[in-house]
Amino acid sequence: EEEEEEEEEENKKEDVEEKDVEKGEMGYQEQEVQNNPPRQFHMSRMQRLSTTNPLRLVINSGTRVATPPPPQPQPRPSPSPSQPRSTPTPQTSVTTLNSRAYTNRISLFLFLVHMVVAFGLVCFLVFKGIQGLLESGKAQRKEKRLLRYFLPQVEAASLLSITLAFSWQKAVRMWPNFMVHFILWSSFLMSLSAGILLICFQKPATDGVGVLLIAFAIGNGLYSCWVTHRIKFCCKILIKSLEPVSKFPGLNKPTYWMLGIGFLWMSLWILAVLGALNFYFPPLVIIGLVLSLAWTAEVMRNVANITVSRVIALYYLRGMQSNTQFCFQRAMSINFGSACLGSLFLPSIEALRIVARGLNLLEGEDEFMFSCAHCCLGVMESIFRYGNGWAYVQVAAYGKGFVKASQDTWELFQNREMEPIVDSDMTSAICFLTGVCSGSICIIVVAAWTASVHESFTATVSLLAFFIGYLMTRIAMALPHACVSSYYVCYAENPDNRLFGDKLIQDRLDLIKSGRAVVVPTPRVPRRFTR
């Protein structure tokens, strides 16, 4: 009877607790827990799960479940009546400045294959030259004569050319205003002097080279007179674009590395020319060596151009102090294919540009020249859209391919109405004339030396000396050329940049539109001929 009474009391207490839980009277439950600690729960009381809700337990023919606390509503911010609801705007894609994709892989592969073949050919020809020197007979006498009367002059021209290259670049950076005038007229005087000197030797070969140099000197003089009104603006642009160079102390290192590599390769190349004279078909082999050296030197120049362009472009576009060594490694790897492709076609494009301008001056004299001029101008219109020297800035900054970068850059110039300014820019002409001046100086030194020891070699040695001097100086002048190109392209992309606060280009455009500034742009096909 006592056990039954205890069970009844326990059942009553459980019924009271169930009611408290269902009614949510938690205060009484907490007090009960504190007064009476919970006893051990017997598993035998959980008989079955509820058939309607599996989360309910059926205990002693009764169902128990704890009711969850009511959810607290979160206050919603009421929209301000003064501010209208804005619609979401799509995010514009930002072009990355750190692209990792290799550009123009086909041209990169072709250049690497060309370098493997050229290196093998040079080594083979050097071996043939040494073999001819060791063998007795006519070949030995010929090789000794070349080593005595040919090799010293060409090696001296190579050493003189790298000295002139360093000097030209240093002088242009230190005195840009003076050097523009000096280059225009010194190239005229030096090429004229070299041509007159070669004609004085009275040999058919030297006379032919001398006539070419005199003809070029006449054209150089006419050009110098023709661009007199553009020199002042050219000097201003050159001075302004060279200002960031002082912020990057190691910016010249890639150019110096390229000059050093070029000097070593040209020294080995000269020995290969000597070996080619004792091989089959010497003229064809030497022409192949000349074309190979021209492409290789142009690639070296554009590698330095891309390196400097990336450093300067990131400074203008993002205000970044870039690492020159990292930019050089990027130019030698990711952007190397674009440098190879541009080096293969840009010299031809620049030559066509000069021809187009020359034909434009003569188009009204003759019907044949008239038709040739407009045909050439039509070609130039399409070529400049798919290949121009300004493209290296976007190749360096954004990692674009050469053709894509050329299209985008020219489109920028068209949108900003900068075509008259970039067409009349003198920077590429100044760099070209600097190389011609160095080549002419090498001709004067080497031709006088060769004529005194072995006059029959004078014309050949003079041509090689001019070629070497021109290429080495063009590599050195990549730095000022890249600075000017970056200034133009970065201004076209963001003319409101605080670094362009002097409004130099905008003032020039205003003068051109008002007719107070005279420019001679690259000739275009009139619309009546394109309809």
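Sequential numbering from 1, following the chain as shown.
Glycine too: its Cβ is placed from the backbone N, Cα and C atoms.
All TrEMBL annotations are machine predictions without curation.
TrEMBL lists 10-25 with the feature compositional bias 'Basic and acidic residues'. Marked as compositional bias 'Polar residues' by TrEMBL: 47-64. Marked as compositional bias 'Pro residues' by TrEMBL: 67-82. Taken from TrEMBL, the feature compositional bias 'Low complexity' applies to 83-93. Here TrEMBL flags 1-95 as region 'Disordered'. The transmembrane segment annotation in TrEMBL covers 108-127, 147-166, 178-199, 205-223, 256-274, 426-451, 457-477.
Two recorded stretches are said to be in contact when at least 3 C-beta pairs lie under 8 angstroms, sequence spacing 6 or more; the transmembrane segment (457-477) and the transmembrane segment (108-127) fall short of this definition.
Tallying C-beta pairs under 8 angstroms between the transmembrane segment (426-451) and each of 147-166, 205-223, 256-274 places 147-166 first. If one looks beyond the transmembrane segment (256-274) by at least 6 residues along the same chain, the residues whose Cβ comes under 8 Å of a Cβ in the stretch are 121-122, 125-126, 129, 143, 146-147, 150-151, 154-155, 158, 162, 165-166, 286, 289, 293, 296-297, 300-301, 303-304, 328, 464, 468, 471-472, 475-476, 478.
If one looks beyond the transmembrane segment (147-166) by at least 6 residues along the same chain, the residues whose Cβ comes under 8 Å of a Cβ in the stretch are 133, 259, 262-263, 266-267, 270-271, 273-274, 438-439, 441-442, 445-446, 449-450, 453-454, 457, 460-461, 464-465, 468-469, 471-473, 475-477.
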